[in-house]
């Protein structure tokens, strides 16, 4: 199947913005600048403020939704309108999961490399599969169980690569281990989010952009309000700001004022998540969900290559093996092998008739597949 220029543009947009999302967040973490009150120069470690920015990017998807609805006004296409009324509060529980998981991942990104961060996010397959069996009554086929086992093996290899890699003053071994564990913990919460979306949200047939934007609105408002108590909650060595609190948003703004490139990195993170969600949804609609998953895997390669080129991390051959095993696990779990086998045995095209529908269970991605 030949791709049109528009489809190529969407695929490229998803790959580029998805990569920028993680790279820009890591770029911001690598900056050092003076904080408020003449505090000495220190790293920009403000994961909760970065999470607020991410939700702001998701929130902007609501603007895209209403623009599409205005464009569709007067036309026969009603795909941007929900098929039945729904209560926006249905998005609150998934938004709380998203808020918690995203915050944990931004904390972890301060402790580990961008490539390991992206690879370890593949652990979501394990917990999504188990939770879908436990809470949605879904039965997994043999290839999905094999995919889960392969993913576990891939995670072990990636973790081993982190243990054996050289560690500098910025990423000590204890911090890397803690960061990797936090990423995996975050995937448990992301899996819960996906189960909640599947059980309570998707049955209302809400447009994906509206779903992403609504969750972004809840996450932005709630986490912004939580920044106030976080300013006073002591966090000890876990804190990355001079005051030793859970989050110091004022210190972050002072650092941004003294190092404008941090603002550029944050802006890249906010804008990339908005375009990434739009591009991902459009790729699923215009091409297939399989194409979206392949592109999502490719951005791990892009992130890894850019990180190596910029000297953010050292090359370790075990990461290649770990990535390949994780890729195989993802392919098996999501059934990417089935259309390929069908094409080889029967001459069928790779994009089968049902692929452009929303994916269910293990083959479905969360409505706000971030970072």
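Glycine is no exception: its Cβ is also placed from the backbone N, Cα and C atoms.
Of the given residue ranges 145-164, 325-344, TrEMBL assigns the label transmembrane segment to 145-164.
Segment annotation: TrEMBL labels transmembrane segment over residues 48-68 (candidates 48-68, 237-257). Contacts between the transmembrane segment (120-138) and the transmembrane segment (216-233): absent, as fewer than 3 C-beta pairs lie under 8 angstroms at sequence separation of six or more. Within its own chain, the transmembrane segment (145-164) has Cβ neighbours under 8 Å at 112-113, 116, 119-120, 122-123, 125-126, 129-130, 173, 176-177, 180, 184, 316, 318-319, 321-334, 362, counting only residues six or more beyond its boundaries. Non-local neighbours of the transmembrane segment (48-68) in the same chain are 25, 28, 80, 98-99, 102-103, 106, 207, 209-210, 212-217, 219-220, 223-224, 226-227, 230, 246-247, 249, 252, 266, 269-274, 277-278, 368, 370-371; each lies 6+ residues outside the stretch with a CB under 8 Å from one of its CB atoms. For the transmembrane segment (216-233), same-chain residues at least 6 beyond its ends with a Cβ under 8 Å from one of its own Cβ atoms are 48-49, 51-52, 55-62, 91-92, 95-96, 98-99, 102-103, 245-250, 368.
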